[in-house]
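**Q** Got a structure for you, questions after.
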Amino acid sequence: MSGGDGIPTFKLVLVGDGGTGKTTFVKRHLTGEFEKKYVATLGVEVHPLVFHTNRGQIRFNVWDTAGQEKFGGLRDGYYIQGQCAIIMFDVTARVTYKNVPNWHRDLARVCENIPIVLCGNKVDVKDRKVKAKTITFHRKKNLQYYDISAKSNYNFEKPFLWLARKLLGDPNLEFVAMPALAPPEVQMDPAMIAEYEKDLDNAAKADLPDDDDDL
């Protein structure tokens, strides 16, 4: 699917509990923030996020709920024709991870078999509650997972690169230049990053629990 300018363009549905940092995350991409459009009928902001790859440009039209999820579920119109998705939770609030299966169920009901990335946001906050070893939902449902920190730009591009590779069917796709991002509001401690990356590696090798105690 191309935009009018020939750039491959995909609808990306961004979901997760209110307050997990979805809007903060999408606003990091400065041109997308500048060019966003408001869809009044659905009460949604659509941010066109363009990335430069070794195969040319790719655009994600990221649909952001503008906080409607605080009032219950989202209308089907939000999901319809979604081609990929990011489910976000807050690693400092366990309840937001507990609700991930509900968001996944809503997505899967309307958008069958689309590539989905699960993101644990706010890993810059020292008091992390949802640890790597308890994050197993993505392994059960064949999703990709990334720790992210919207406010520090940590791993900002990772979900988009993984989705771009899936959507374009090219596992060797690379981003050749980073988009202009808002300056970091916080700095990630390199030692903490190294520790979290090691924790995720170890968690990926661990056996999955038989039950759903992690949810």
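Note: Cβ is positioned from N, Cα and C throughout, glycine not excepted.
From Swiss-Prot, for reference:
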type	residues	note
BINDING	17-24, GLY67, 121-124, 149-151	GTP binding site
DOMAIN	6-170	domain 'Small GTPase Ran-type'
REGION	36-44	region 'Switch-I'
REGION	67-83	region 'Switch-II'
**Q** Just how many other Cβ atoms lie inside 10 Å of the Cβ on ASP17 (GTP binding site)?
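**A** A count of 21.
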**Q** For the region 'Switch-I' (36-44), DSSP counts of helix, strand and coil?
**A** 0 helix, 4 strand, 5 coil
**Q** Just to confirm my parser: what is the rounded mean pLDDT across the region 'Switch-I' (36-44)?
**A** 86
**Q** Using all protein chains shown, find which of the binding-site residues GLY19, GLY21 scores highest when you count other CB atoms within 10 A of its CB.
**A** GLY21
**Q** In the structure shown, with every protein chain counted, which of the binding-site residues THR23, ASP124, ALA150 has the densest set of Cβ atoms within 10 angstroms of its Cβ?
**A** ALA150
